[in-house]
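In Swiss-Prot this protein carries:
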type: BINDING; residues: D23, L24, N25, R38, H61, F62, G63, R64, R119, R152; note: substrate binding site
type: BINDING; residues: K202, E324, G354, G355, D356, T357; note: ATP binding site
Amino acid sequence: MANKFRTLDDVDVKGKRVLLRVDLNVPMENGRVTDATRLERVAPTITELADKGGKVILLAHFGRPKGRDAKESLKPVTEALSKVLNKPVAFADDCIGEPAATAVAALKDGDILCLENTRFHKEEEKNDPAFVAELAKLGDIWVNDAFSAAHRAHASTEGLGHKLPAYAGRTMQAELDALEKALGSPTKPVIAIIGGAKVSTKIDLLENLVSKVDALVIGGGMANTFLHAQGVGIGKSLAEKDLAPTALRIIEKAEAANCAIILPVDATVAYHFAANAPSHAYGLDAIPADGMILDVGPQSVARVHAAIDDAATLVWNGPLGAFEMQPFDRGTVAAAKHAAERTKAKKLISIAGGGDTVAALNQAHVAGDFTYVSTAGGAFLEWMEGKPLPGVEVLRIK
C-alpha cells in the first residue's frame with residue numbers, strides 16, 4: 001500500500017513551505033482542550049517536518065461554524081498543540097489573504113504556524129477553485145495527515161492535491177497501512193465484529209464485509225433486528241423491525257459468500273434502561289416479553305472468543321451491548337480483553353475504529369494493546385464500506 005502513495009520519505013522539505021492538513025478537532029470546555037489525543041497523533045509529522053527544516057503551515061477545521069465565530073477559533077487549540085510539541089506555534093487569524101501571507105513570509109526554516117479555521121470560509125466545504133488557489137499560494141507542497149477528514153472533498157482535504165505536489169503524512173500513512181492489513185490484503189481468516197444500535201447506519205458496511213471476511217459477529221442493538229427477523233421474541237428491546245427484510249438479505253448474501261454470521265445465542269436482559277439495573281441472562285427462547293436486551297449473554301461471549309481464536313485478523317466497529325452503562329459493558333469488555341491478549345501473543349492482527357469503539361476499548365484499558373486503533377469516525381466507516389475516499393485518492397501516484 002505504502003508504495004502507491006508519496007510519503008515524507010519521497011521529498012526534501014528543507015526551506016520549503018509545507019501546507020500540512022491536520023485534524024485538530026479536539027473536544028473543548030471553557031476554552032480548554034479536554035482530550036489531546038488528536039494533537040498527540042499529529043505531533044510526529046509536525047515534528048519531523050520542522051526538524052528537517054520545513055516551514056510548517058498547519059491547515060485545519062474546527063467544529064461547524066457558519067462564518068467567523070470566536071468560539072470556533074483554533075487559537076486556544078494552537079496553545080495546547082504548542083505544549084504537546086514542546087515548540088512554539090505561531091498563529092494567523094485567517095487562512096488566506098494578507099494575515100496568512102504575512103505570517104507565512106515571516107517563517108524561518110523549522111518554524112511552525114497554524115492558520116485560522118478553514119471553515120470560517122464557506123468556500124472550504126464547497127472545494128471552491130478560487131479558494132483552493134488562495135490556499136495554494138501559501139505553500140510549495142501539500143501534506144495530508146488528516147485521514148479522519150479524508151471522506152470529504154473539501155479545499156484543504158482534497159482540492160490542494162490538484163494544485164501542489166501531494167504527500168501522505170505519517171498519521172495518514174499509518175492509517176492506510178493498517179487498513180490495508182485489515183481488508184486490502186489481510187492475513188486470513190478475517191473476522192469482523194460489528195455492533196452499535198442501528199442496522200440502518202451500517203447496511204453498506206455489512207453488505208461490503210460479508211464478501212470480504214470469513215466470519216461476521218453482529219452485536220449491540222443491531223443484533224436485535226437480526227434476531228427479530230429470524231422470529232426470535234425480543235421483548236421490548238431496541239430494534240428496527242421494518243429492516244427485517246434487509247437483515248435477511250444480508251444473511252443470504254453472507255451464506256452465498258461463505259461468510260459465517262455469528263449472532264447472540266443468549267442475552268443479558270433488564271427491565272429498566274439504567275446503570276446497575278437488575279439483570280439476568282436468558283436463552284433466546286425465553287426472553288421476557290417486558291424485558292430489554294442490553295448486552296450479549298455469557299454463552300454469546302464464549303462464541304465470540306472462539307471466533308477470535310480462529311481468526312488471524314480482526315476488524316472491529318461498534319460495541320456488543322449498552323457499554324456506557326454497567327453491567328451492560330461486560331460482553332464488550334470481555335471480547336476486547338480477549339482480542340488484546342491474542343494480539344499481545346502475536347496470534348492476531350487487531351484493527352478497531354469508530355468513536356464508540358475507541359471509548360469501549362479505553363474502558364477495557366486495552367486500546368494500547370490492539371495493533372491499530374483508528375480515531376477516524378466517518379472516514380474509517382466509509383473505507384470499510386468499500387467507498388473511495390477523496391482525500392486518499394488524490395494522494396495516489398498517478
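Here the Cβ of each residue, glycine as well, is placed from N, Cα and C on the backbone.
Cβ neighbour count within 10 Å across all protein chains ranks D23 highest among the binding-site residues D23, E324, D356.
DSSP assigns N25 (substrate binding site) to coil, not to a helix or a strand. Of all Cα pairs drawn from K202, E324, G354, G355, D356, T357, which the record names as binding ATP, the longest spans 20 Å.
If you take the C-beta of H61 (substrate binding site) and look for same-chain residues 6 or more apart in sequence within under 8 angstroms, you find N25, N117, T118, R119, E124, A149, H154, S156. Under DSSP, H61 (substrate binding site) is assigned to coil, being neither helix nor strand in the three-state scheme. Among the binding-site residues listed here, namely E324, G354, D356, T357, G354 has its C-alpha nearest to that of D23 (substrate binding site).
Between G354 (ATP binding site) and G63 (substrate binding site), the C-alpha separation comes to 18 Å. Long-range Cβ proximity for G355 (ATP binding site), meaning a same-chain Cβ under 8 A and a gap of 6 or more residues, is found for G377. Straight-line distance linking the Cα atoms of G63 (substrate binding site) and E324 (ATP binding site), rounded to a whole number, equals 24 Å. A simple way to gauge crowding: the CB of T357 (ATP binding site) has 27 other CB atoms within 10 angstroms, across all the protein chains here. Counting only same-chain residues at least 6 apart in sequence, those with a Cβ under 8 Å from the Cβ of K202 (ATP binding site) are I194, G196, M222, N317, G318, L381.
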